[in-house]
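Worksheet: the structure to be examined is printed underneath.
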Amino acid sequence: MPEAVIVEAVRTPIGRRDGALSGLKAVELLRHVQVEVLRRAGVEPGDVDQIIGGCVTQVGEQSLNVTRNAWLNSGLDFEVAASTVDTSCGSAQQANHLIAALVTAGAIDVGIACGVESMSRVPVGTNLYQGPGHYKTPDYPYDDPPRAQFGGAERIATRQGLTRADLDAYGLRSQRLAARARDEGRFDRETSAVPLPDGTLVTTDEGIRESTAEGLAALRPVVPDGRHTAATISQISDGASAILWMSRERATALGLRPRARLAHQVVTGADPYYLLDGPVVATRKLLKRAGMSLADVDLVEVNEAFASVVLSWAAHHDADLDRVNVNGGAISLGHPLGSSGTRLLVTALHELERRDRHSALVTMCCGGSLGTASLLVRE
């Protein structure tokens, strides 16, 4: 049976809402990383068998298979197949699961898993609230997303006994770790500067900002009587990311060094009442499948959709936060929905290499009360 390995991984800097990347369409952002991941590896476009990309709000500029449209906009080999998946926030992570599975099944030898979201240009929920009809039936028993996201985060905070101060402290931690990572150049290798029409380059993540405990304490909650503020939830962002997968045999034939493999993958449902418990369940299932404990994992990336999600996950799994989101996360860097799953894998891989460590767990909560998890193992 073929073994799927990662040979290259890259992302754009993450742009803030209406920031430097907002003038570019999603196809332009995704095209950039599709081309760049091949350029870095020295692989010809025609060698790619299939591309699978994640995108959440598939309407307007992001509609009609944005992954294929990005590839066609690059002017590269039109015989390369491409498709787009929607697993809510876990879309790009699931794209990696699917590409790795296709390689392992022997269906393809070379594939790109990627993701994109331009939330500045295509706001979340546009495909629901501006489209014809609604998915709900009269007896649909759950809250209406995306508003349900905030309710789920607050219910988790209440269940876990998390205070406003607890959440603020985590938000401050995220900003400080991301700022340190930026200042130390930890993101330099994983990011590819994006050229703008005026000739300038976007080189750094825009969401990182100077933060203090006093400043966070002064912010108003996002929902009345809530605990979360703008400083303890993920940022609305723009960005794209891509990972180049191959069979080990093809990588060897091309003289490329395998950098990591996907040892285990999980996609699961969770309790819709809490909505965002997916990482708790997905981590439990993945560790059981792998025959491991969390202590066996060197690094963890838990998507920072809300501070309560990460803190609840940590409590359920008795996690050492010193190994979790060590370079910040979506609270500080941003959360371009359809890209984040791949972005987390890209960041985890580069940090494993920087620290010379072996394994990383990546897990996310997703709309529709889903959860994703991947166990990344270095070669």
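Positions of Cβ are set from backbone N, Cα and C atoms, glycine also.
Heads up, TrEMBL stuff is auto-annotated, nobody curated it.
According to TrEMBL, the domain 'Thiolase N-terminal' annotation covers 5-249. The domain 'Thiolase N-terminal' (5-249) scores a mean pLDDT of 96 in the predicted structure.
The Cβ neighbour count for Cys89 (active site, acyl-thioester intermediate), using a 10 Å radius over every protein chain in view, is 31. Classification of Cys89 (active site, acyl-thioester intermediate) by DSSP places it within a strand. Under the heading active site, acyl-thioester intermediate, TrEMBL lists Cys89.
Taken from TrEMBL, the feature domain 'Thiolase C-terminal' applies to 257-377.
Sequence-distant neighbours of His335 (active site, proton acceptor) (same chain, 6+ residues apart, CB-CB distance under 8 A): Cys89, Ser234, Gln235, Ile236, Ser237, Asn303, Glu304, Ala305. Per TrEMBL, the feature active site, proton acceptor maps to His335 (among others).
Feature annotation from TrEMBL assigns active site, proton acceptor to Cys365 (among others). In the three-state DSSP scheme, Cys365 (active site, proton acceptor) falls into the strand class. Counting only same-chain residues at least 6 apart in sequence, those with a Cβ under 8 Å from the Cβ of Cys365 (active site, proton acceptor) are Cys89, Ala270, Leu275, Leu276, Asp277, Gly278, Pro279, Asn303, Ala305, Val309, Gly371.
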- Mind tallying the domain 'Thiolase C-terminal' (257-377) by DSSP state, helix then strand then coil? 45 helix, 34 strand, 42 coil
